[in-house]
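The feature sn-glycerol 3-phosphate binding site is assigned by Swiss-Prot to Thr13, Arg83, Glu84, Tyr135, Asp245, with sequence analysis given as support. Per Swiss-Prot, ATP binding site is recorded for Thr13, Thr14, Ser15, Thr267, Gly310, Gln314, Gly411, and the stated evidence type is sequence analysis. Under the heading ADP binding site, Swiss-Prot lists Thr13, Arg17, Thr267, Gly310, Gly411, Asn415, citing sequence analysis as support. What Swiss-Prot lists as glycerol binding site is Arg83, Glu84, Tyr135, Asp245, Gln246, and the listing cites sequence analysis. Residues or ranges marked as phosphohistidine in Swiss-Prot (evidence: sequence analysis): His231.
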Amino acid sequence: MTDKYIMAIDEGTTSTRAIIFDHAGHKVADSQREFPQYFPQPGWVEHNANEIWNAVLSTIANAFIESGIKPAQISGIGITNQRETTIVWDKQTGLPIYNAIVWQSRQTAPIAEKLVKDGYGDLIHQHTGLVTDAYFSATKIRWILDHVKGAQERAEKGELLFGTIDTWLLWKLTGGATHVTDYSNASRTMLFNIHDLKWDDQILQLLNIPAAMLPEVRTNSEVYGKTKDYHFFGSEVPISGMAGDQQAALFGQLAFEPGTVKNTYGTGAFIVMNTGEKPQLSDNNLLTTIGYGINGKVYYALEGSIFVAGSAIQWLRDGIRLVESAPDSERAARESHNENEVYVVPAFTGLGAPYWDSEARGSVFGLTRGTTREDFIKATLQALAYQTRDVVETMKKDSGIEIPVLKVDGGAARNDWLMQFQADILDTQIMRAANLETTALGAAFLAGLSVGYWQDLEELKASYKPGTSFDPEMGPAERTNLYEGWQAAVKATQVFKHTPYHAGK
């Protein structure tokens, strides 16, 4: 297999990557390209779908150029993507009728709020496993159909198509031949019935979204179509695996057994537990979602979404310029000598699970005249660990399963100080993946399995290499005191609600 490889297209919130893996799961090529973010109004976040497509083509080309690998050597392509982000495009021209509305965007919040006010929150939760929120695709589709002239009528005539990023890229790579999504991405739309495994007619009627614009839903590991030769340098290569980024990371962490939990520290942080072949509906504001469907079976998951994680470190660097780079934050935390009396609650876009408070805003507590730059940076890092504990504690309540080990990956997982504090505040062993590219690797595994590049899950397990572990060192009294302080800070943050004065409005 040395002359054959698997490519993963990892389309994230701020950049796109094309990564080529060999049979041992080693990364042999990696090309990355950022693309613009658009903020038309406060709280709105949009992308240009064609800029994403161009970034994908560019990274594919660069991966081949830099590695010397030929397109014909690629056995299969896996796609993993930022979830929920919504695109509606013209079926004939392939042109989007509006920018992609990003998962972070709050412009559709009034639609979600009206659904809750009208009493539909429980129905949506029971059918989809999700809370009713602007985070998911359903309200974004409705907003586009409402705000683009003639869009509703065109959608009803079958002239428009909807897709999350996976569907858009698959449609483009196959030259418009394949309009398909996978179980994991469908389960994040707030339109998919996770019990029946089909689009939910009641919710479609409720939101007046025409079923004709929705993609076919298929498993996470199968051949959906082949690249057009003009998009892949003369080669028609199977696109053979797809999964939303957090489910791909779960698969890349080889979390095949129920009760296995992983946390990916990216722009946000996403804690996901494999709950097996039956959906476990949360009583505590976690999301019930589909982990992956493979080999005729569907595996479900509980998920806690934290909106701000790595972006808090970016804020330290770019927003208030307390650090020059992400590694500086670890050095600063080690140099802090206070008694952890400072708490930063980074609710820059509200609070995610388990609070789901879209009106909360970031806050700081415990400042004194003696507080230093290092103390503030340390408190910001600690917020990532505290938020993770919020979700893990909730996950244990919902599932009834103890969590002896938390598998971690993502950029902030490189921070040894943070990982040790995470172990301490959870009183749980932290296992950092040897290969932190678990999202792309999960997509590659799904793609490779369906084309026979890897034979089965056992072969993947046999290749697993453990990473670095962090064991708890903090005493129970200190752990309890610190977490109680965090809980008090969150409660105080939720009390403060104020609309700023804007002159002229």
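Any Cβ shown, glycine's included, is placed from N, Cα and C.
Where Swiss-Prot records a feature, it is marked here on the structure.
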{"residue": "Thr13", "record": "sn-glycerol 3-phosphate binding site", "DSSP (3 states)": "coil"}
{"residue": "Glu84", "record": "sn-glycerol 3-phosphate binding site", "DSSP (3 states)": "coil"}
{"residue": "Asp245", "record": "sn-glycerol 3-phosphate binding site", "DSSP (3 states)": "helix"}
{"residue": "Thr267", "record": "ATP binding site", "DSSP (3 states)": "coil"}
{"residue": "Gly310", "record": "ATP binding site", "DSSP (3 states)": "helix"}
{"residue": "Gly411", "record": "ATP binding site", "DSSP (3 states)": "helix"}
Discussion item. So if I draw a 10 Å sphere around the Cβ of Arg17 (ADP binding site), how many other Cβ atoms end up inside it?
Written reply: 21
Discussion item. Suppose we draw a 10 Å sphere around the Cβ of His231 (phosphohistidine). How many other Cβ atoms does it contain, all chains included?
Written reply: 18
Worksheet entry | Arg83 (sn-glycerol 3-phosphate binding site), number of other Cβ atoms within 10 Å | 27
Worksheet entry | Nearest of the binding-site residues (Ser15, Gln314, Gly411, Asn415) to Glu84 (sn-glycerol 3-phosphate binding site) - Cα to Cα | Ser15
Worksheet item: For the binding-site residues Glu84, Asp245, which Cβ has the most other Cβ atoms within 10 Å, all shown protein chains included?
Response: Asp245
Worksheet item: Apart from Thr13, Thr14, Ser15, Thr267, Gly310, Gln314, Gly411, which residues in this chain have a Cβ no more than 8 Å from the mean position of the Cβ atoms of those residues at the ATP site?
Response: Gly12, Gly266, Ser311
Worksheet, complete the sentence: Cβ-Cβ distance under 8 Å, sequence separation of 6 or more, same chain as Asn415 (ADP binding site); the residues meeting this, in order, are Ala326, Pro327, Ser329, Glu330, Leu381
Response to the item:
Quick note, Thr14 (ATP binding site): same-chain residues at least 6 apart with CB under 8 Å of its CB -> Glu34, Phe35, Gln37, Thr267
Worksheet item: What subset of the recorded positions Ser15, Arg17, His231, Gln246, Gly310 lies within 10 angstroms of Arg83 (sn-glycerol 3-phosphate binding site), using C-alpha positions?
Response: Gln246
Worksheet entry | Extra residues within 8 Å (Cβ to Cβ centroid of Arg83, Glu84, Tyr135, Asp245, Gln246), glycerol | Gln82, Thr85, Trp103, Arg188, Gly244, Phe270, Ser305
Worksheet, complete the sentence: One should report the C-alpha separation between Gly310 (ATP binding site) and Thr13 (sn-glycerol 3-phosphate binding site), rounded to whole angstrom, as 12
Worksheet item: So which of the binding-site residues is most packed in, judged by how many other Cβ atoms lie within 10 Å of its Cβ, out of Thr13, Ser15, Gln246, Thr267?
Response: Gln246
Worksheet item: Given the binding-site residues Gly310, Gly411, and counting only Cβ atoms in the protein chains shown, which has the most within 10 Å of its Cβ?
Response: Gly310
